[in-house]
Amino acid sequence: METKLSIAIDGPAAAGKSTVAKIVAEKLSYIYIDTGAMYRALTYKAIVNHLNLESESSLLETLLSIDIKLIPSEKGQLVYINQQDVTHEIRSSEVTNSVSIVSKHQKVREEMVKRQQAFADNGGVVMDGRDIGTHVLPDAKVKVFLLASVEERAFRRHTENLQKGFPSNLEKLQEEIARRDKIDSEREIAPLKKADDAVEIDATSLTIPEVVEKIMALVEERAGSV
Ligand code: CDP
Ligand code: CDP
């Protein structure tokens, strides 16, 4: 029987993690878990409920009261809070600009990590986020740290927004991405950081298929060694 690996893809905002993770998961018939969507879902709920985002206990209480579901579909991954489809709502700029505050809290992270590990229980998973290789799947056979310059990442998000018909300001996007990266990498609990055994891929001047090819080569190499 073929060995099912766990694949961890971490990196800063808009490096291309979810795009390549989805393609790699499809190629391998693995499940794809977007852990950022889980933090975004909690942030959305916290905003709707007017919670104080600095209050760890109210965030945890809210998290424990909701089921966050990630459902694959032809249109991409759908995100549900209980029975409510929040796929679009969690991408709003309000959520994007608050999510790094919500995800700083230790108890919130502990609960999220527990849920993420349960999703990945049987292997055959591609998971992307900030702390997957370092905390969520420390034994993953394939760990990638995906990077790109902040200018390139902001430009890609800007292009994506325009394609979707959303308003977009390149300079503002670059500032927001840099601010979020700073909070994510400087927080005390599970900061964004390359795992010692992760392979760094700088995708600043790589296309999506080129990044996918590099990851698939790693998967083949590691699959041969288990
Ligand atoms: O897609 P994008 O890079 O904009 O962000 P995301 O992957 O949706 O993650 C949103 C935010 O959730 C990040 O900026 C982190 O603050 C937080 N996050 C985290 O702390 N740990 C993870 N494993 C995933 C996301
Ligand atoms: O998940 P993460 O926030 O790391 O990034 P993403 O949402 O997958 O990608 C951000 C944007 O960059 C998307 O519009 C991709 O199509 C685009 N892109 C990429 O992901 N990788 C490249 N090598 C080139 C462009």
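From the backbone N, Cα and C atoms, a Cβ is placed for every residue, glycine too.
Database features (TrEMBL):
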- 7-220: domain 'Cytidylate kinase' (DOMAIN)
- GLY11, PRO12, ALA13, ALA14, ALA15, GLY16, LYS17, SER18, THR19: ATP binding site (BINDING)
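Taking the centroid of the Cβ atoms of GLY11, PRO12, ALA13, ALA14, ALA15, GLY16, LYS17, SER18, THR19 as the ATP site, the other same-chain residues with Cβ within 8 Å of it are ASP128, LEU146, ALA148, ARG153. For ligand 1, the nearby binding-site residues are ALA13; that is, of GLY11, ALA13, ALA15, THR19, these have a C-beta under 6 Å from one of its atoms. DSSP assigns ALA15 (ATP binding site) to coil in the three-state reduction, placing it in neither a helix nor a strand. Local packing around the binding-site residues ALA13, ALA15 was summarised as the count of other Cβ atoms within 10 Å of each Cβ; on this measure the leading residue is ALA15.
This prediction places the mean pLDDT of the domain 'Cytidylate kinase' (7-220) at 97.
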